[in-house]
Amino acid sequence: MKRDYRLRLRPYLLVALFSFILIIPQWLSRGVILGTDSVFHYNRFYEAAMQIKHWNFSYFLSIYGFQQSGRIVNAVYGPFFAYFQGLLVLFGHTWFGYQLVSRFVLGLIAGSSMYALLKSAKIKDEISLPIALLYLTTFSIQYWTLRQGFSSWGAAVMPFCFIPAIRFTFYKEIHPFQLAFAVSLIFQIHLLSTLFLLIMYIPFFAYGFFQSKRKLKVIFQGLLSVFLTLLLTANVWVALIFLKMDNKLLDPFINDLMNNSAINTGSTYWITTPYPLVLFLVGQVIYVLLRWRSMANWKRILHAVYLLFILLSTSMIPWNWLVNHGVKIAQLIQFPFRFFIPATILLLLIGGMILNHFVKWRRYSSWVLIACLIIGDLQTYLSVNQQISHDKNEFYVFKPSRHVHLVGTYRQQRASLFDDRLDNLLTKVRKSTPDYLPVYSSTKGYNAYDYYAEKVIFKSGFTKTVKDNGSLAITWASKGGQTELPVTVYKRTRLVLNGKALTAKDYKLSAFGIPTVKDREGLNRLTVSFTVPAYFTLALWLTIVSWLGLLVFWLYHKAKRGGFQVLLSE
């Protein structure tokens with residue numbers, strides 16, 4: 001029994017070891033990497049970390065991060081997972097430490113997730129384990145390392161979350177708890193990745209449904225899965241609905257040059273990271289041409305879905321035209337290369353199935369995969385080293401641009417990454433990303449990035465402190481008159497000025513929710529809080545209780561069956 005447990009645990013220990021190996025070069029060189037999205041996400045996670053550290057929670061308003069501006073960000077962007085990242089920030093102690101810890105955890109999750117998917121497809125260890133490790137070196141995962149692209153966290157769990165589709169294809173039955181857990185897990189992390197997962201699901205569940213002889217049972221199981229998913233994700237969708245009903249929120253930027261970010265134009269590195277991925281691409285094409293007629297129907301579906309995602313990730317789709325004609329889904333995607341994440345997962349799954357099929361060649365295939373893994377590891381090292389060189393040779397920790405605002409010298413900025421005062425970095429490296437600001441009137445003629453920088457980032461003369469009840473206090477001295485404050489106001493934001501609760505008539509709001517109040521001569525104090533509707537509080541607790549219930553269910557069945565992956569087992 002103990003030996004069997006060790007055998008099952010061994011692959012995950014190897015994944016952990018390989019994840020650690022990938023971070024060693026950065027750890028030893030003490031090189032830092034701040035990518036395009038780093039400042040935005042670091043503010044999110046700093047917010048969560050400080051709320052946990054001080055045990056002072058504000059689910060909606062940013063009271064520590066984002067210049068203590070009262071912005072709503074985490075509530076609409078993976079709130080529970082933001083708190084998980086906050087724990088990693090606290091564990092890392094510094095931002096450099098967090099980079100190492102987050103890379104290790106990401107690798108551990110991604111490798112384990114891919115290994116679980118390959119095993120669910122009945123692929124032997126000598127094939128599945130090297131491919132799972134190779135997945136860690138793809139740009140789908142290294143996107144976080146090199147640019148802090150959050151899609152990598154969705155990519156990390158996506159293979160695991162795809163297992164219910166494979167199992168349904170094999171057994172023609174839906175396990176409601178398994179399916180609900182898979183969808184809810186990725187939904188709590190990254191909404192766009194959830195969309196990709198659902199696109200992957202549809203053909204498989206449609207095929208399985210029509211093949212099933214117990215369609216009514218499948219329908220019931222599917223509806224139960226949907227109900228459980230709604231319970232497990234209520235905190236996200238209820239918040240999104242009421243915030244969208246109450247406010248017009250500023251969407252993330254619209255990329256009107258999407259074709260430049262396709263895998264066949266300006267983002268070819270997605271295909272060549274690592275180079276062995278090209279072998280999988282070529283091998284898949286050859287296999288389809290030779291074996292299409294003899295393939296099982298579900299395998300044809302697998303190849304077809306993979307090819308669909310490949311197509312969507314290219315400029316063969318007129319992305320620029322779709323964006324310029326106001327197609328919302330295209331505007332939401334922003335970069336076609338994001339479709340290559342599910343394509344990569346499906347490609348590695350297909351590759352594993354092909355190699356597993358040739359029983360006599362498995363041993364040789366395993367050695368070839370190990371060679372590919374070594375190449376991927378070296379390529380990851382070179383990519384990381386190249387990014388680190390910008391810090392060491394070009395003397396900047398964050399590439400300067402129009403919307404990036406740097407304070408202090410290069411040495412001061414770099415030192416802030418090793419400072420246990422986590423806010424030090426965020427005051428020295430600032431980016432005026434305006435996502436999810438409230439919009440109250442026409443923004444024509446405004447540049448939201450410049451506006452936020454002027455009205456919030458560079459606004460001086462105000463002192464901000466966090467109160468024990470999760471509200472924000474702003475104090476300033478005035479000669480009396482009209483004062484514009486560096487804070488954002490949503491429909492349910494509550495303002496109390498000098499002890500008096502303000503109504504909408506007592507202040508003016510700019511196009512992006514910056515309030516102007518009539519203050520008094522001398523010291524003024526404004527308290528900012530958020531009125532949470534009772535139905536959301538109910539939804540939040542319902543979500544928490546549902547996850548705890550799922551945990552109890554898992555522990556009960558794990559103890560009963562002794563299964564390591566009971567949520568995705570028979």
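Just so it is clear, glycine is given a Cβ too, placed from its N, Cα and C backbone atoms.
Worth saying up front: this structure is predicted, and the values here are computed from it rather than measured.
Some features that TrEMBL has for this protein:
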type: TRANSMEM; residues: 12-28; note: transmembrane segment
type: TRANSMEM; residues: 72-92; note: transmembrane segment
type: TRANSMEM; residues: 104-121; note: transmembrane segment
type: TRANSMEM; residues: 127-146; note: transmembrane segment
type: TRANSMEM; residues: 153-171; note: transmembrane segment
type: TRANSMEM; residues: 177-210; note: transmembrane segment
type: TRANSMEM; residues: 222-243; note: transmembrane segment
type: TRANSMEM; residues: 268-289; note: transmembrane segment
type: TRANSMEM; residues: 301-319; note: transmembrane segment
type: TRANSMEM; residues: 339-359; note: transmembrane segment
type: TRANSMEM; residues: 534-556; note: transmembrane segment
Counting only residues at least 6 beyond its ends, the same-chain positions whose CB falls under 8 A of a CB in the transmembrane segment (153-171) are 81, 106, 109-110, 112-114, 116-117, 120-121, 135, 140-141, 143-144, 178-179, 182-183, 185-186, 189-190, 192-194, 196-197, 200-201, 204-205, 207-208, 298, 341-342, 344-345, 349, 568
Maximum Cβ pairs under 8 Å to the transmembrane segment (268-289) among 127-146, 177-210, 301-319 is reached by 127-146
Beyond a gap of at least 6 residues from its ends, the CB atoms lying under 8 Å from the transmembrane segment (339-359) belong to 114, 117-118, 121-124, 127-128, 131, 134-135, 138-140, 151, 154-155, 158-159, 162, 193, 196-197, 199-200, 263, 270-271, 277, 280-281, 283-284, 287, 299, 302-303, 305-306, 309-310, 312-313, 333, 365, 369
* To do: Determine whether the transmembrane segment (301-319) and the transmembrane segment (177-210) share at least three Cβ pairs under 8 Å, counting only pairs 6 or more apart in sequence.
  => yes
Beyond a gap of at least 6 residues from its ends, the CB atoms lying under 8 Å from the transmembrane segment (177-210) belong to 78-81, 150-151, 153-155, 157-158, 160-169, 218, 222, 224-226, 228-229, 232-233, 236, 297-298, 301-302, 304-305, 308-309, 332-333, 338-339, 341-342, 346, 550, 553, 567-568
If one takes Cβ-Cβ under 8 Å and requires six or more residues beyond its ends, the residues near the transmembrane segment (12-28) are 99-100, 103-104, 106-108, 111-112, 115, 129, 132-133, 136-137, 377, 380-381, 384-385, 388
